[in-house]
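Contents: one structure, followed by commentary.
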Ligand code: ATP
Ligand code: MG
């Protein structure tokens, strides 16, 4: 019986994993320039941490959680997102304390789990790069963090992006707006999808986020939340757009955009790929916003927050759509060809000496003939090949061949062990100058 991976998951194999490593390293370099530091939280989390943050009536909590009771009868879930766990750790470790930099800027990367219907760019185990900023009410934080997301994509060479922003205002603004929205939607109730009929009662703003085509038609003429913002909230949003303008950042305002998590207020944003070759229906690659009440909700002192998460899988789709190639060639410096069983131990010693000298070395393990071993060396792009036969072994010598030029020299085995770099430089320099 041969198994296949669980539905909605992927194995990431050599040849593809280099792209992941590249994306991760670009993220680390980018976030570092903005003074963000990494945190790593557990892959599983208390169910309550997620349900209280993300919201009980959201799709994530009501339908998509991988939750279970452990052997100690604790209600546990695989984490569906990163913000709630990071807020939990922020409160638990008192990262709001005076010894920590304010605002506290942090990032995470890793797998998230949601029981969704898998399709292109939608998996059950997927990977996010996310960032959070705690302790700044300054709209410059909103803008800086959005700029950092755009910067990350720019570093990857991604060009066709649309930054979409909106404001959800304060909790009070949303109450007023909620009523206006219910008043608007109620006459259409029968025409809404079953899910949205439920949302209309439990969490009407969620109807705006529906992916159902009929729902989408109905919400086209829904009242705009931006008309229901208090003066303060409007002024805050105005500052955000003024700063974006001042930095010459292009953006679109979409007053119908809400987010799939309940903890947001004021600024929210999404980044969409507009690459002509983008595959599939989903084009949102990054999403986030402000969440000023969340730290308090999870038992910490009132602390404003702002963050985003972006999908690694969707970043890969975007790279493909933009035709960006990530270099992932393997380069072997030295391949050691050993001929005859008597050379087995010395060959082992040789590759170890070469590796000790800081070079990438490989050898044959399958007793292949010289021709086969040279073929492998070529496939691996080996710069030099060292050939050791039984005669050479007896004489303490080895042939070293520079593959590009075909130039071959004989060197002492002892010299290779003692200072491989010197021998390597000699043969490489003699032909490459
Ligand atoms: P969507 O509307 O596409 O379901 P979302 O609003 O649920 O997205 P968030 O929870 O805000 O997404 O997550 C942020 C980012 O994480 C998304 O923009 C996307 O890149 C990625 N993401 C979310 N869910 C998945 C998934 N199931 N598979 C792959 N990537 C995902
Ligand atoms: Mg979703």
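Quick reminder: no glycine exception, Cβ is built from N, Cα and C everywhere.
Here is what TrEMBL says about this protein:
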BINDING   81, 82, 83, 114, 128, 132, 259, 263, 264  L-histidine binding site
DOMAIN    8-327  domain 'Aminoacyl-transfer RNA synthetases class-II family profile'
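Mean per-residue pLDDT, taken over the domain 'Aminoacyl-transfer RNA synthetases class-II family profile' (8-327), amounts to 95. Annotation for residue 264 (L-histidine binding site): spatial neighbours 168, 258, 289, 290, 291, criterion Cβ-Cβ under 8 Å with sequence separation of six or more. Between the candidate binding-site residues, 81, 83, 128, 259, the densest Cβ environment within 10 Å is the one around 83.
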